[in-house]
Amino acid sequence: MNLPGDPANLDLHQATTSTDLWCVAPCLETLLEFDPNDQTKILPDLAIRWDISSDGLTYTFFLRQGVQFHDGSPFTSKDVLVTFQRIISPPEGVNSPRSVFFNTVERIETPDDVTVRFVLKQPDPALLYNVAIPWTGIYPAHLIEAGADLRDTKNLIGTGPFKFKSYTPGVAFELERNPNYFDKDLPYLDGIVGHPMTDWNAVAQAFLAGQLHLYRSLTTPPLDLFQGRSDIQVVGVPTTLVWRLILNARTFEPFKDERVRQAITLALDREAMIAAMTEGRSVLSGWMHPYGAWALPEDRVRQARGFGKDKEADRQQAKQLLAEAGFPNGLEFELLAFNLDVTTPSLIADQLGQVGIKAKPQILQLGEYVQRIVAREFQMALGFNAPWVDEPKSTFGAWITSNEQASLTGLWSDELIQLYQQIERELDIDKRKQLTHELDFRTLDDPVFGMIYVYRPVIWHVFRPAILANWTPQPNYNLTEKHATTWLRS
Amino acid sequence: MFVQYLVRRAIGGFLVVLIATFVVFTFIRLAGDPAALIVGGTGENITINPARVEQVRRELGLDRPLIIQFFDFLGGLVTGGLGNSYVTGRPIADELRVRLPVTIEIAFLSEFMAWVFALPLGLFSALRRGRFTEGITRVFFFIASAVPAYWLGLLVLIAVLLVFGWRPPLGLVPPTQNLWTHLQQIILPIVVLGFVLAAGLVRFIRNAVLEVLQEPFVQVARAKGLAESTVVLRHVLRNAFAPTIAFSGLRVGYLLGGVVIVETTFNLPGLGLFFVDAVSRRDFPVIQIAVLILGSAFVIINLLTDIVTSFLDPRLRERG
């Protein structure tokens, strides 16, 4: 398969890119996992079953026995404890971007070798999701305690179905079958080879030549090359990522006015963008994934301001709102974006221009872009909302905050924060779903947090169904990357 | 005299590299913060915590005064440590060991290919002046100079794939391991880059040869009754070579740029991608080494060019 580049950080707890995950995930396992053929389901992995206390404050996981790490050491509850301690409170020099997932964990107990207990400060139904995402993979305790550099390939040791074989920068990252995997029948593949390739045309050609079995990208593949090839399937699945606009009211006063924010969301034509940018493969949705368990139904999405069918009426209303807010001649600001996608910012600028808002796109290298965002030196920025998993805490947690330092926009609503906090703790699934719908709708309809939903890009999958077996394209390309049950038909 | 001149050039070159390194060292620090990227991740996963960014900056030593960081870097070089990448934590020296030979090989063979294309064509068009030959060189020149290497590379790859159903095996196998596979992987990129590089060379060779042909000593040689082939090979070519080689030397930057491009198109694990990645990830130590290596390559090759041309043309040596 292709990798979008060379892996940057092979320490799964620190890593943030798909490339890193695709390289490492087949080697490491988690307490629970998502079903590779249906990401809405959670399955047992290193924990064979789990118990949740009635108050929702204690999660007990019963571990699989007889599991070995690649280096031969046995897997016990201590490995789980030490791994999560590292994720929650990383030692000096280790950056753990997902520590916030476990901010409700008070302590972790290991009553015996095969039991792990998470004791929480407050109910947190997201916990089951967060111990199932591959980024919380379990390393052997002895490596972590010895302070080993887990970015080093020699420390790429887990209990997973594949183990590290070799890495030649720029050429290939190779994994081989783990003969001591706990399930003797798995994995089916003898190995996995990832080729770092940055030129999409080269990737497409390598696929055509049969050098790749699987080709994935966020960039639209050269579809004409695959036309008329009935053996090749090209699938575009809406991702869990969402393009969003971030309005910084700290540096641009007019964004404090709700009428200005509403005018912007009214001016955006999401369906036009879906047609232009995803070949029509994406769908109109709310912040939660349209095929997931928390999806806001489409008819509800369409009721949100700016999401209806009649764009002309929306534009008229936008102009009127701007006039009421004191900007009858429109307004002007800078639209910051990074160089992954240069078309989306110009589409946005064009659509805003139709109601008299002049957004001047400024496309930066990623490094510079991130620095400007961190320093809050922007007026409007285009970026992703990128939940690690399709779950409300992951989707909203990063930006629904009244913490002045954490807020990107300097805008918030106490009422909606309360609603969010209720979702965080709610144990009843139906109630939680209903509250999530409410939050999703209200943040689409009126961007009080200064976050405006733009559209959901697609992740393209190109493969030959007659060869690549027991593998289905999924929306989240960072969730089910273990490939234990995939095989190749010769 | 000449040795003195070379020493002077060498010292000058060293200073150029040092200054270039310092300029890049300063400027990349103005254009994006690696700590922010390390904490924030990629564009997909920007989760931003200013306090954490500050901490990483401290850990990387980026909070110290610029001049101290620079001397630290130079100190590392003198003691032989190239440092580790900020992003991967891997030693830069390890990456260079694998990647540098690839880039040198592609650069060298592509330049060689350029000469293979350009020498006969340039010579031919200078000696047989006339509409037809002029037309051929002109067409060649326009195509080769108008076509970007990446586009030509893609075109060649697609053509070969669609016509022969063949594509070079992915990556690059070392020649010591399997020479045949290695040749398959290397042939298309060097032909493509050679072709593109040949554009300027053809014109230069043609003009140089034409110029030499008008020199009195050529007339003398002919008047002596030497065979035309002897006149061309011994007298004309040799004198036309010196400026052409000097011209090639000056084009090193262009050559290296082309190498980076074909490395990307043909997916070869050379320095090109490594350095480009480093720039977008704000991996300062790698970028600094990159400038150092490319700058040194430029200076060294120009120095070598000087030496070679002076051997071809003793007058240059005399002038010193």
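Backbone N, Cα and C atoms are what each Cβ position is placed from, and that goes for glycine too.
Annotated domain 'ABC transmembrane type-1' per TrEMBL: B:100-305, in sequence order.
The transmembrane segment annotation in TrEMBL covers B:6-28 (among others). Long-range neighbours of the transmembrane segment (B:6-28) within the same chain, counting only residues 6 or more positions beyond its ends whose Cβ lies under 8 Å from a Cβ of the stretch, are 66, 69-70, 73, 279, 282, 284, 287-288, 291-292, 295-296, 299-300, 302-303, 306-307.
Feature annotation from TrEMBL assigns transmembrane segment to B:66-86 (among others).
Here TrEMBL flags B:106-127 (among others) as transmembrane segment.
Marked as transmembrane segment by TrEMBL: B:139-166 (among others). Listed by sequence, the residues of this chain that lie at least six past the ends of the transmembrane segment (B:139-166) yet keep a Cβ under 8 A from its Cβ atoms are 121, 188-189, 191-193, 195-196, 198-200, 202-203, 258, 261-262, 264-266.
Positions annotated as transmembrane segment by TrEMBL: B:186-205 (among others). Here the transmembrane segment (B:186-205) has Cβ contacts under 8 Å with residues 105-106, 109-119, 121-123, 125-126, 137, 140-141, 144-145, 147-149, 152-153, 156-157, 160, 168, 172, 240, 243-244, 247-248, 251, 254-255, 258-259, 261-263, 265-266, 268 of the same chain, all six or more residues outside its ends.
Residues or ranges marked as transmembrane segment in TrEMBL: B:252-275 (among others). Same-chain neighbours of the transmembrane segment (B:252-275): 95-96, 98-100, 102-103, 106-107, 110-111, 148-150, 153-154, 157, 168, 170-172, 185-186, 188-189, 192-193, 196-197, 286-287, 290, 293-294, 297-298, 301-302, counting only residues six or more beyond its ends whose CB sits under 8 Å from a CB of the stretch.
The transmembrane segment feature in TrEMBL is assigned to B:287-312 (among others).
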